[in-house]
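The compositional bias 'Polar residues' annotation in TrEMBL covers 308-321, 339-348. Per TrEMBL, domain 'Ig-like' is recorded for 26-144, 158-248. According to TrEMBL, the region 'Disordered' annotation covers 302-374. Taken from TrEMBL, the feature signal peptide covers 1-29. TrEMBL lists 255-277 with the feature transmembrane segment.
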Amino acid sequence: MISLPGSPATSLLRVLFLGLTTLASPSRAQLEVHLSASLTKLRAVEGAEVVLPAWYSLHGELSPTKPKSWEAPTVMWFFLEGKDKNMSQVLAHIGQVTTGEPRASLVHSMPSRNVSLRLRDLQEKDSGSYLCFVNLQDSQGTVKGQSSKHLELDVLVPPAPPSCHLRGVAHVGTNVTLSCKSPRSKPTAQYQWVRSPPSSQVFFAPVLDAIHGSLSLKNLSTSMSGMYVCKAHNEVGSAQCNVTLTVSTGPRATVVAGAVVGTMVGLGLLAGLVLLYQRRGKALEEPANDIKEDAIAPRTLSWPKGSDTISKNGTLSSVTSARALRPPQGPSRLGALTPTPSLSSQVLPSPRLPRPDGAHPQPISPAPGGVSSSALNRIGAVPVMVPAQSQAGSLV
């Protein structure tokens, strides 16, 4: 918006405008302000300049002509502020004197029927409705006519440099969001994300939110690392920012890798223990099955020289158990049987062997309390020949 500081002259101009508007009737109006039909709503870019075109003509003229020598126009431009359309003066040309905001000026020097207004160094607040008022008088001060027209100005703002941010932790397997936002833009900026070379990539919906400027990257991998550029743009300009994404094998990946390695190490240790146990078992079994070459043979019993127990054919001579020759100790109990018959208690007939003295051996009767061979056979006893001892203690 362009305005002049309040002053008595400004107030006087407003009163003059309102008074002339009230006093001049359409029948007395002899001029008309013209605006281009295609330029009733102008658009300009902030920081640039714009010309609000306007001119006037007298009734009955077929084409614009130069002003007559008696014409003394009064030209005023107003800015209509807010919904209430409060008028704020932008420029005034009265009696060959032009006043106004430094950023506002007339395009042509007066007198001229072209009363276009030039605005420089536009700001967004300059957007709004502008009113051009022309009052024509002759050299005697007689009002010949007046007219006014208004037009709209819309000041557009290119996007201000946006700011880029990374939301989330860029680890392998995680999700992150790249955000981009421009603080000022008219109309509202649209956003586009691209990945810079050497891995160029352009993103579209649904991963890209062109209105809010967010880019969603899911299930990150190390190959997704690189520079990402956000471009904010509208119909009058653009701006951009960038953010570098570095995907690392962070704690989550380390935990997974550690778990895998730990499992493999544990299985390896278990297999090693099993093999060690098997080898130890085999090592314990092998000495029991091996014949020791350096083992000492069992000692042989020394037999008396006079004994003729073993014959030349390798058979033991018939002997009777010494236990069978001994008398029983005390009377045997009636009805009592030996639970496990001993072979030593069996009296076996001894084969007749030649005696050195030529005497014939006498058969030895079983001692009282002995068990007959038929009884031993019935209970399944196995007969074994054992050497007998003489009264002197030597084997016979």
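Our numbering is plain: 1 for the first residue shown, then up by one each step along the chain.
Using the three backbone atoms N, Cα and C, a Cβ is placed for every residue, glycine included.
Curation does not apply to TrEMBL; its annotations are automatic.
Note that the structure is a prediction, hence the values are computed from the model and not measured.
Residue counts for the domain 'Ig-like' (26-144) under DSSP, split into helix (H, G, I), strand (E, B) and coil, are 6 helix, 58 strand, 55 coil. Mean predicted confidence for the domain 'Ig-like' (158-248): the pLDDT average there is 94. According to DSSP, the secondary structure content of the domain 'Ig-like' (158-248) in residues is 3 helix, 46 strand, 42 coil.
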